[in-house]
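First up is the structure itself, then whatever we jot down about it.
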Amino acid sequence: MGQRLNLVFWIFVSILAFLNFGMASKIGICYGRNADNLPSPNRVSELIQHLNIKFVRIYDANIDVLKAFANTGIELMIGVPNADLLAFAQFQSNVDTWLSNNILPYYPSTKITSISVGLEVTEAPDNATGLVLPAMRNIHTALKKSGLDKKIKISSSHSLAILSRSFPPSSASFSKKHSAFLKPMLEFLVENESPFMIDLYPYYAYRDSTEKVPLEYALFESSSQVVDPATGLLYSNMFDAQLDAIYFALTAMSFKTVKVMVTESGWPSKGSPKETAATPENALAYNTNLIRHVIGDPGTPAKPGEEIDVYLFSLFNENRKPGIESERNWGMFYANGTNVYALDFTGENTTPVSPTNSTTGTSPSPSSSPIINGNSTVTIGGGGGGGTKKWCIASSQASVTELQTALDWACGPGNVDCSAVQPDQPCFEPDTVLSHASYAFNTYYQQSGASSIDCSFNGASVEVDKDPSYGNCLYMIAPATDGFNRTMAGNITGNITAIDSPLASPSSTNEAFRQMVVAVSVLLPCFVVCSSIW
């Protein structure tokens, strides 16, 4: 009897191991908030769910953001900013209080799975490397008290500059000046089965060495390969070469088994005059090819088939970030919700992307294209469903005072995102109250259901059947809906109108069915064997 139970037990263990082995690499998104006029966290959560993104990185533990992701199933990586490292490292009580206030009230409804302690501390001007490990240990102690030390992983993200050399990959090594910091931190990661977090940016390597690095090599578009003379390994793209450099550096320090997670990678869509490769076309090409590579062809030349999790940087352009122009233009979306370029996050679209090698950087403008994700669409600008299309605009007969009063209400209590009519935004010109009010009135009208009563504004507005959009200023239009679609009131922004229900997207349904078939095909023989045993 005991032998039979043991046999059944090990059969099921083997099955679970097999199913776990088949798990795919993961694509996540970085949700930075160093910008003005971003959509509310609730609206951002809606957008991320629609895009079917299951993994999100934030850079603090903002309560409003944590609440917005509650009960979504999205796995959240939260951050401890560099400015908080001293307090976290000095006193356990500080960390205990932080955990009690910022984590425990929202967990597990908000699925927090990891904490990144500090951001690229080796490159920070205040040199806070000595604070990272004490802070990590205090966080681990606090999590252990709450029984969460096995459920929430702790690590710290680094830039590639932590290496003293990165090419050829086999000769890569960590900088000696960081060895005193790295070795005990890596021991902590091994002890707690946490990943080594690295931010990889082939863009910077290309920008700083355009005469040596082909753009195609940085964009996953190269038809030739670079050889590592020591190993003979061939590299067709820079991302793999950078990632293998990390693997080799870890091996050189006797930490070969540490899992690596890429916590940032992306490409800017706009840059300074000298950053000619910072274009929307190249950003789309890099991120599209990165997703396809990670999902469809996992691993690197040194570690073929190795599962690797990658977080794309970033969801939004962040206009408050200091530095050169490209620093503020890594996002897939503008702050007003229009897409900088339409990225397929699934990796299933095989349409070729066309990078550009322009001699002058181009300035991306808000797109009027739908954002396609599988078979679901977010309609941008003057799209919409069937039936008579109507818009609500400001009446030319209304006084400036009446228009301004109604505009202030729409952008305030009316909950309209009016960032599109701010300076340097697509609907700022013409800079008149009549024009700005028209945009705000229509956004409120469409978000509220596009009924005549929603276009009253005390007589300061009128309904029209001609699309008032002009240039890059796109007016929302609410599409016709049926039992399978839903119109969002208080949507992502004035330019995102409606989304198919993300509750059962075709891609997720197909994947669930595929996994079920695999499970049944493996379990069924087991049941036959088990029946014969009994």
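Yeah, the Cβs are placed from backbone N, Cα and C, and that goes for glycine too.
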Q: Select, from Asn127, Asn192, the one residue given the annotation N-linked glycosylation site by Swiss-Prot.
A: Asn127
Q. When you check Swiss-Prot, which of Cys392, Cys411, Cys418, Cys526 turns out to share a disulphide bond with Cys455?
A. Cys392
Q. Any idea which of the disulfide-bonded residues Cys392, Cys455 has the thinnest Cβ neighbourhood at 10 Å?
A. Cys455
Q. Out of Asn127, Asn336, Cys392, Cys455, which of these recorded positions is nearest Glu264 (active site, nucleophile) by C-alpha distance?
A. Asn127
Q.
For the C-alpha pair, I'd like the distance in angstrom between Glu120 (active site, proton donor) and Cys392 (disulfide bond), rounded off.
A. 48
Q: Please report how many Å separate the Cα atom of Asn336 (N-linked glycosylation site) from that of Cys392 (disulfide bond), as a whole number.
A: 19
Q) Around Glu120 (active site, proton donor), how many other C-beta atoms are within 10 angstroms of its C-beta? A) 19
Q. Reported as an integer number of Å, what is the Cα distance between Cys392 (disulfide bond) and Asn127 (N-linked glycosylation site)?
A. 55
